[in-house]
Amino acid sequence: AEETSFVFSKFKPLEPNLILQGDALVTVAGVLQLTNVDSNGVPEPSSLGRATYSAPINIWDSATGLVASFATSFRFTIYAPNIATIADGLAFFLAPVASAPDSGGGFLGLFDSAVGDTTYQTVAVEFDTYENTVFTDPPYTHIGFDVNSISSIKTVKWSLANGEAAKVLITYNSAVKLLVASLVYPSSKTSFILADIVDLSSVLPEWVRVGFSAATGASKGYIETHDVFSWSFASKLAG
């Protein structure tokens, strides 16, 4: 399809248009819970979950040279019982159709090595809560663009509002290869924005899966929740 669009105003258990991997599930309240919590709602360590849209997305077309522009928006919350020990983060990603959850923890389920590799064919916008020095993370919670590597090509400081709902808008303008991500906390009226040039057609396969991936830390205390409340996406191949 040259155009794809979908809207989840809330999620439903056994949602046919979602592929859930790892620990991801939809709660009876209609929340996409990417990582495990115990019976008291406390997040658990060493949890990894992903959720992608059921249909592949046509991001570019080799026959015509057309590349898709897209816009996606979602609302999510990260809650950590102890803000001093939080890990590891959530990402929106585009990856090959056969992509499976990779290493958890700081790799966020998207990569399995600190070394970048073009065979990943993956682009992600990470909302990273833990400084993995081996990935050259900055020493604060941050938003980053990941292109075939967990080591971001560009980051911006993000002040995590613990337990507050964040509204994210990610857009890609294929005409100028501009990727933009913004995060707003309506409750505190704070906002963060990151933009860079990324040539998706040189990184991604023609057809991709789009969705979310999240992971908690391996150590007992390095935990947080990763809950997505709503998600919309629209893409269109354009010259």
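Glycine too: its Cβ is placed from the backbone N, Cα and C atoms.
Neighbour count (other Cβ atoms within 10 Å of the Cβ, all protein chains): 24 for GLY106 (D-glucose binding site). GLY106 (D-glucose binding site) falls within a helical segment according to DSSP. Annotation source Swiss-Prot lists D-glucose binding site at ASP88, GLY106, GLY217, ALA218, citing similarity to another entry.
Feature annotation from Swiss-Prot assigns Mn(2+) binding site to GLU126, ASP128, ASP137, HIS142. Around the Cβ of GLU126 (Mn(2+) binding site), the number of neighbouring Cβ atoms within 10 Å comes to 27.
Around the Cβ of ASP137 (Mn(2+) binding site), 21 further Cβ atoms fall within 10 Å across all displayed protein chains. When secondary structure is read from DSSP and collapsed to three states, ASP137 (Mn(2+) binding site) falls in the coil class. Summarising the annotation, Swiss-Prot assigns Ca(2+) binding site to ASP128, ASN132, ASP137.
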Report the nearest neighbour of ASP88 (D-glucose binding site) in space among the binding-site residues GLU126, ASP128, ASN132, ASP137, HIS142, comparing Cα positions.
ASP128
Other than ASP88, GLY106, GLY217, ALA218, which residues of the chain come within 8 Å of the D-glucose site, judged by Cβ distance to the Cβ centroid of those residues?
ALA87, GLY104, GLY105, TYR130, ASN132, ALA215, THR216, SER219, TYR222
Binding residues ASP88, GLY106, GLY217, ALA218 (D-glucose) - maximum C-alpha distance in whole Å:
9
Closest to GLU126 (Mn(2+) binding site): which of the binding-site residues GLY106, ASN132, GLY217, ALA218, going by Cα position?
GLY106
When you measure from the Cβ of GLY217 (D-glucose binding site), how many other Cβ atoms are you left with inside 10 Å?
23
Mn(2+) site shell beyond GLU126, ASP128, ASP137, HIS142, criterion: Cβ within 8 Å of Cβ centroid:
GLY89, PHE127, THR129, TYR130, GLU131, ASN132, PHE135, PRO138, THR141, ILE143, GLY144, SER152, THR155
